[in-house]
Amino acid sequence: MKEGKKKKPETSIGESISALGAFFVYLITGLFLAVGFWVVRDKYSVDLISDPSLTLRLLWMIEFPIVVIIFSLFRSNPKKCSYFRAVGRSIVGLISGAIINALGAVSLGAPVGMQSLPKTVHWSFLMSVFTVVPATAVFGASWTNWHRVFASLKPTGNIEYMILIPAYGAIIGGWFGAWPMPLDWERPWQEWPICVCYGAIGGYIVGQLVSLSLMIFLRKHKNLKLA
Amino acid sequence: METYLKNKKLIAIGFLLIHSIAILIFTRGFLLTRTELPFHSTCSDVSLSPCLTSPPPSNHDSNPDSISSHSNHTCWTKPVVDRVIIIVLDALRIDFVAPSAFFPEPKPWMDKLTILQKLAFANESSAKIFKAFADPPTTSLQRLKGLTTGGLPTFIDVGNSFGAPAIVEDNFINQLVQNGKRLVMMGDDTWTQLFPNQFQKSYPFPSFNVKDLDTVDNGCTEHLFPTLYEDDWDVLIAHFLGVDHAGHIFGVDSSPMINKLEQYNSVLEKVISILESHAGPGGLHENTMLIVMGDHGQTLNGDHGGGTAEEVETSMFAMSTKKHTTSVPPEFDTSSCKQNSDGKQICISSIEQLDFAATLSALLGISSPFGSIGHVNPELYALGSSNWDLEKSESGNFGTQSAVKEWMKNYVNVLCVNAWQVKRYIDVYSNSSVVGFSSDDMARISDLYAAAEQNWTNSVKHLLMDRNGDENNTNRSAFKEQIAAYLNFFSSVVELARSKWTEFNLNLMITGFGILVISLIIQFLVVFHGDKSYAVGFWLSTGAAFTLFLVTIRACSFLSNSYILEEGKVANFLLATTGLIKLRYSVMKKTMRKEAVIFLAIASVLRVSIDIGLTKQAATSQFMSSSPSWILGIALDLPALTYAIEIAPIVSVVILICVLYIAIAKTPSEGMWNEGMWKYVTVGSMISYFLIALLWASESKIFGLDGLLQVIGGRNRIPQTVYAIGLVQLFLLASARMFCAGEKKYWATRTVALVSACSSPVILLSGKQGSLLALAYLLAGYCIMRLEGVERITKLDRQNKLSKLNPLCVMQWSLLSICMFFASGHWCAFDGLRYGAAFVGFDEFVLIRQAILLTIETFGFSIILSVFGLPILLPIHSQTPQAHSQKRHQLFQMYMLFGVISATTVTATILCVTIQRRHLMVWGLFAPKFVFDVVGLILTDLLICLASAYYF
């Protein structure tokens, strides 16, 4: 019964974006990630290895607005929830998501010393932009949606694929990115959180590609069904 | 049903046996062991040998008085030098000493010790540069042991004293003391650890801090020069560490290394000038030998320990203050020559470090160590042999000829004594050692020796006795033949010893590994055997797949030394990962979120504890750099914090008592007496806990209970009581199990009784962190159980049937136990053992008792409690007998799964050790890891046997 109630507004969102639209969304977010790296390198002449905390800060500060702007367009229940409210709640989502990510990282073994605190903070903001922010912009505080998408892994509609799969991609990528850290190669990128960042960004992009192909595949599937 | 359960016990015992056999076979091939013999050589021994006990008469020596006066000081052979200065430069590569002409291209670190080259290649020189070959393991301690005992130290020398590295085997230093020589030592304090009482004077400096390049060296030079002017010593040892440390920190190609070498050059210049200024007749250093040597080489990165050419090739420079030494007949000359840039012929010889002890013993005329298997090196011996007064015949070619002959006469007798001593050692060793030499090898060696000895008694001995033997050519060839026979004997002895003590037996290793792999496959089949509904989840369930993934990734991580070093962190990472997965799952099922969060919080606490352990490990390990990532910047001397640190363990003990009380209060108290008995056993643990809390409270200053210890009679009384209670509890449990076989219910109570009985000694031995860890362990176990229950509850299994077991919970339990090992401050190295724990409650040392305590302390949390506590993971409530028997089946499968997880990681370790057996860190890192894992596996199997006897 509950499910039935929820279904209506969601299907209306799902229709609001096509695979092509998703592709453009990904293109823009990817572009801004690249812009972030470009700004860091050309304007501040640092990189992830030489100054991780500054780089990460610039990255999430550039990436965050664009993610919010795009995903707020696809907010669920757009009649009741204004665009600005969606933007506002995604700021809350950014902070709480960062806290969750930071706690997760610490429990997995991220350094907790004072000198690595800024790195951890900015890393978790970036992770939050990848994982939590799109979902808050779209779902808001609707726990059932969160639960259905993230815990039960039952997304419906393209926008939910766009939220779910890159987020999991970023987390799994970050998890694998942590593996080279203990090796004694003594490379500067083995420091926390550099390779985890690379892993997360890589996983995020892979997640985008996977979700894109999934969308295309599902649409074809649907068309076949319809036919 | 009963027969089926008996089968289960047999299965557990069967795996214990298979694993033991596999490990035994592998260990025979990999961990080379040697038995240390307690025997010592003495001067009088030599009368048993067929050799000449007094020095052979000299052709030119017409004065019998001089012989008799000499023989007072003669032990085995005639001494040829009076004093010896041994300067050890740690990690001295051969290319530091030998001229760059010997190497393909000159490098910046070559030709820095110019004074040695100048002396060695001067005309009429009495100095020589040797290329010295060390035997692996090329670590300083093992090498010093090898140099002084003249043997081949292995990774485990059976007979090692407990904890202290002092050499008990007969050795060169010991012989020196026995023969009344006076020793002075300065430099590396390893020497004083190895020889605590032998030095008359010693100036040890800590070798601990690798980053400190100068303390040891400066201390050495400060004491070296004044000592050279004194006459109250016979043998001086100076051990410089700078080059080793510079290599470890900066590598060979670095300016600190070159500075160090230049510093050594000036030190050596000064030493040699002092020696030469006192080298005149009657001078202090009239007949002194200077030896400058490395104990092992190093790679360009400054590493050493393994057996690569760079590490085993070190150098030795020897110089006698007497001029005009005898030249060695070309047959025994090992030197290789090159043209240097000036077109001059320069030669360096070669020597085995193995021969060092025997040669120096012969040079000083003392008995060589009992266990020495080296032979007297002809060239090094010749350097000192200028002592025979040959001034009379020093005219032209004939003089040299007779000098050579004179040298050969002496040398052949020295070799005779030497060969007799080596043969004696080999015989005694193969008779008394557990794993001796094979009879074929022994027969071959005996034949060689018998042939040489025959020749000796029949001809050579008479030639030596014969004072007026003038028929030069026949004599010379007879001597040469005899020397060659002896050298042949020595080389086959050394070859045999090397194959026994330094070479891995790959066939045995592969056999052992193969058996282990087969047992692993069988174990997997046993775990997944039987498609019953309550069995372990089938092959393709996500839980099983994820468990398999975790086991695989953990096993693969052992292939790299870095992951072995940070094993605790890796295990914690995986544990937290499972926690996150479970959290997601519980969020999905909308239950037990609290438990999942608590579990993650415990994982985070454990990782801080593991980090602290890692910093401790980094302080002593040469492979790790300390990473103080856990330091939060809190001043640790805050009064409130110290107060909390003092009080937290006691509080957690009190909490544990409460938990036990609740656990036994819940179970029904009515029923037969034996059900009550489990409770009484648990009450015993509560008393133990209380005693532990009392002990800690009286040790800390806060509670003002200082007087308590005096009242109850010493600080050993409480621990002993706790041990006694624990033993009584175990005895009661075992007898209750044996005599009250009827009841099968209430085994939750049984689990509580057994685990609590084991836990009190473990907590006591672990010290104050013990109770905190026990509490964390209990809480984490509870969380795992509850989280596992998520599935059971949501599946709505209402037919009193147990749902399938998710293997993930056993994996979590196993990971948790590994984290506990590291969080309790252990790591897989022998310096990670906490020897202090062996003396909790006892002051005097009894090997077996203390070894048991140390084992309990080391594996207490990680194996003993985790194996016995495995039933905690099963939910308590299920009442029907049918469910009960199903549950027992499930528990058995959990034990098998736990066993298979441990066995898989050990198999991975063994594979890794096999692959990396020539790795640089094989003795420093892989072998200790192997020993810990293997002991852990056997212990796990054994405890699984006991547990299945107890629970089924």
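If you go along the chain as it appears here, the first residue is 1 and each next one adds 1.
Quick reminder: no glycine exception, Cβ is built from N, Cα and C everywhere.
Automatic prediction, not curation, is the source of TrEMBL annotations.
Within the chain carrying the transmembrane segment (B:12-31), a Cβ under 8 angstroms from the stretch's Cβ atoms is held by residues 154-156, 435, 504-509, 511-513, 515-516, 519, 522-523, 895, 899, 903, 910, 913-914, 917, 927, 930-931, 934, 937-938, 941-942, 944-945, 948, all 6 or more beyond its ends. Residues annotated as transmembrane segment in TrEMBL: B:12-31 (among others).
Summarising the annotation, TrEMBL assigns transmembrane segment to B:506-528 (among others).
Per TrEMBL, the feature transmembrane segment maps to B:534-553 (among others).
Per TrEMBL, transmembrane segment is recorded for B:596-614 (among others).
Annotation comment: TrEMBL describes B:640-665 (among others) as transmembrane segment. Beyond the transmembrane segment (B:640-665), the same-chain residues lying 6 or more positions past its ends with a Cβ under 8 Å from any Cβ of the stretch are 634, 679, 682-683, 685-686, 689-690, 692-693, 696-697, 700-702, 749, 752, 756, 763, 768-772, 774-775, 778.
Annotated transmembrane segment per TrEMBL: B:677-698 (among others), in sequence order. Tertiary neighbourhood of the transmembrane segment (B:677-698): same-chain residues 649-650, 653-654, 656-657, 660-661, 663-664, 667, 669, 705-706, 708-709, 715, 718-719, 721-722, 725-726, 728-729, 732-733, 736, 740, 746, 749-750, 752-753, 756-757, 759-761, 763-764, 768, 771, selected by CB-CB distance under 8 Å and a gap of 6+ residues from either end.
The transmembrane segment annotation in TrEMBL covers B:718-740 (among others). When Cβ-Cβ distances below 8 Å are used as the criterion, the transmembrane segment (B:718-740) is approached by residues 672, 674, 677-678, 680-681, 684-685, 687-688, 691-692, 694-695, 712, 750, 753-754, 757-758, 760-761, 764, 840-842, 949-950 of the same chain, each at least six residues removed from its ends.
Sequence annotations record features per position, and here TrEMBL assigns transmembrane segment to B:747-764 (among others). If one looks beyond the transmembrane segment (B:747-764) by at least 6 residues along the same chain, the residues whose Cβ comes under 8 Å of a Cβ in the stretch are 653, 660, 663-664, 667, 675, 678-679, 681-682, 684-686, 688-689, 692, 695, 719, 722-723, 725-726, 729-730, 733, 770-771, 774, 840-841, 856-857, 860-861, 864-865, 868-869, 871-872, 876, 950-951.
Taken from TrEMBL, the feature transmembrane segment applies to B:808-827 (among others). Same-chain neighbours of the transmembrane segment (B:808-827): 543-544, 546-547, 550-551, 567-568, 571-572, 574-575, 578-579, 581-582, 603, 606, 609-610, 612-614, 616-617, 766, 769-770, 773, 777, 780-781, 784-785, 787-788, 833-834, 858-863, 865-866, 870, 873, 894, 897-898, 901-902, counting only residues six or more beyond its ends whose CB sits under 8 Å from a CB of the stretch.
The feature domain 'GPI ethanolamine phosphate transferase 2 C-terminal' is assigned by TrEMBL to B:815-945.
For B:847-874 (among others), the entry in TrEMBL reads transmembrane segment. Panel annotation: around the transmembrane segment (B:847-874), residues 162, 747-748, 751, 754-755, 758-759, 761-762, 765-766, 773-774, 777, 781-782, 784-785, 788, 809-810, 813-814, 816-818, 820-821, 824, 826, 833-835, 837-841, 887, 890-891, 894-895, 898, 935-936, 939-940, 943-944, 947, 951 of the same chain, lying at least six beyond its termini, place a Cβ under 8 Å from a Cβ of the stretch.
Marked as transmembrane segment by TrEMBL: B:895-918 (among others).
Remote same-chain residues near the transmembrane segment (B:930-951) are listed as 8-9, 12-13, 15-16, 19-20, 23, 27, 30-31, 733-734, 737, 747, 750-751, 754, 828, 855, 859, 862-864, 867-868, 870-871, 888, 891-892, 895, 898-899, 902-903, 905-906, 909-910, 913 (criterion: CB distance under 8 Å, separation of at least six residues from the stretch ends). Residues annotated as transmembrane segment in TrEMBL: B:930-951 (among others).
Here the domain 'GPI ethanolamine phosphate transferase 2 C-terminal' (B:815-945) is broken down by DSSP into helix, strand and coil counts: 102 helix, 0 strand, 29 coil.
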